[in-house]
Amino acid sequence: MSSEAINELMQCFPTPDGMLSLKDSRRHDNSQLGRGLSAGLLHAGERLIHGPLSVSLSRLKLGKLKVVRRQLLQRYEHQPFVSCLAGLYGCQWRRYQRAKAQPGECCCSRLECGSFALLIVTFILTLIFLYFWSEAQNDYNDFDWFNFGNLGFWFPWSVVLLVVAAALFTYIALLLVLAVCLLSEGQRLYLHWSHKIGILVTLTFSISATAVLSDLWSKEWTTLLLSFQVTAPFLHVGGVSLMTLLSWPIALHFFRMNKRVRQVALLSLFLAVLFALYLVPLGMYSPCIKEEGTLGPAPTLIGHRGAPMLAPENTQMSFEKAVEAGGEGLETDVTISYDGVPFLMHDSTLRRTTNVHEVFPNRTDTLASMFTWAELEMLSAGSWFLQRDPFGTASSLDEGERVRVQNQTVPTLKEFLNLAAQHEKMVIFDLRRPPQGHPYRDAWIARTLEVIHNESSINSSQVLWLPADQRGLVQEMDPELQQTSGDHSSIEELQEEHIVRLNLHYSYMSQEQIRKYASVNISTNLYVISQPWLYSLAWCAGVHSVTTNALHVLKKLQRPLFLMTPDEYSLVWILTDIISAFLITAIFIFHWWRERGLPFWSGSRQVNENGPYSKFRTELSDVWSISSISVRGEAQSSPITPNLPTITEEPPV
């Protein structure tokens, strides 16, 4: 190519000596500079085409200019996104504050590598705690009342803990997403000091909260394991999808590393986690994965202290609400007053569910059984429900129901049994033995049976007799009572005591054990199940009945939330793994291809751009300029390598 052709290209850039300074470029915004550079290259091509050098230009191949134009536009238009990422992650809003990771370099310094590793660890621990606590919702009410007993005042600690955990997890997850996006863009990581403090605070919270709850509430880890029987298929799909997304930055840095040891370590770790996720379903068990047509009937519902989400627990209104909601049974707790009247009260004192602090301010910690019935009749058993709103449902009550709640009193066992008899509901109750010095300390069983037989209208066959004391004597006195045990005993021991039903905590849920007991006509009742996913699991496991706080919610379930045949589950599992493996392979091939020079087509012939690229930086973006272009000449011409202008950066003023 002649010198005139080179001059034509040089004239497209008005800067002296073919150099565009950063100082001048700062006068224009991002898009204007990109359009100006690309338009200059295109304009140069047009002038050469229509000028006297059109023959020489045919050897230059305008495809080169179009590729450069596209690259320039992409670099300048892409820069605001990178600026936003770096600004949010490390407060590096200006271009000169950050740097790209050069091929072969590590993505960050040792300190930042440590910060990034700590971020990943914090993300994992926070995710575990958030999942653990969200799955423990079934027992939030117990947790709040436990704190009430220790602190002396009511506060929804469970919900506050969930909100805090969710907020901290969201914060850590966003930081991790920003870091991954920066790595995907080839940027060096720099985490701002304020975020480092935030990560340490979140990590401390997650570890402390998990340790405390594990110590006080170790049974909740059983709940966590049970939840995997429902959520594992969805967690598997989510985990595989996440690893598929992470393959992009991992492949990018894998092919840019110049040390084989680092490459092997990175790829080995990634593949180990990936294949572990692929094979997790092999060890998964869920009673809700069963052949079509093998699902049994839904467990019958027993109202735990009535319907405590709709009315104050252990009140006539609560039991009536349970009947209206469709409960097949009613559960309660019985204590005997000082003068021999069995009444309904769960706690050992009256402090939580009555206004004893107003009527008897000096006896708030006195045992409930040490009050006479005349004193108990003076108490309100409903006002606390409106004041504390333990389930957040008090707002759903209309004005008439609120008045009715205020007027609730402590009910007697006789009133409870007559209500159950009227609606033909079975009953089950815990019986608290009076303390030393109580007149009915040794006659508590006899007094309770007297109410069942002589003072109420209930049939003995409707009563699930739970107290283990003097069971043989009770069986002789009334064989029609359904003997119920709260012990996880052997079949032989249960049959010796004529047990026909087990009343167990839901953490003992086992499909194998339930089937074994059912084979000898011993049914199983689990308590307390209020979450739909836990009820679905009990349904699939073949449980006969459950005690619940949420009758009105569980009664609406027409089928388990999660139910699959083995073939359907295998199909979902295999398809997920195959699609993920295909996408990850394609991503690695793409990065391998890109890092070794991109071929592009010009006309009908393929031209490989093998010339080295020189990298320069501006405040707005990274721009790449061609330092050499190989042009195929005609048979009689020799290739010419023009020198295109480059862009330099002046130090910031």
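All positions are counted from 1 along the displayed chain.
Note: Cβ is positioned from N, Cα and C throughout, glycine not excepted.
Annotations in TrEMBL come from automatic prediction, not curation.
Residues annotated as domain 'GP-PDE' in TrEMBL: 299-558. Here TrEMBL flags 116-134, 154-183, 195-214, 234-252, 264-285, 571-593 as transmembrane segment.
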Top partner of the transmembrane segment (154-183) among 116-134, 195-214, 234-252, 264-285, 571-593 - counted as Cβ pairs under 8 Å: 116-134
Non-local residues, at least 6 beyond the ends, that sit with Cβ under 8 Å of the transmembrane segment (264-285): 228-229, 232-233, 236, 239-240, 243, 246-247, 250, 253-254, 257, 569, 573, 577, 580-581, 584
Given pairs 6 or more apart, does the transmembrane segment (234-252) have at least three Cβ pairs under 8 Å with the transmembrane segment (195-214)? no
Predicted model, mean pLDDT over the domain 'GP-PDE' (299-558): 95
Which residues of the chain, 6 or more past the ends of the transmembrane segment (195-214), have a CB below 8 A from one of its CBs? 89-90, 115, 118-119, 121-122, 125-126, 128-129, 132-133, 161, 164-165, 168, 171-172, 175, 220-221
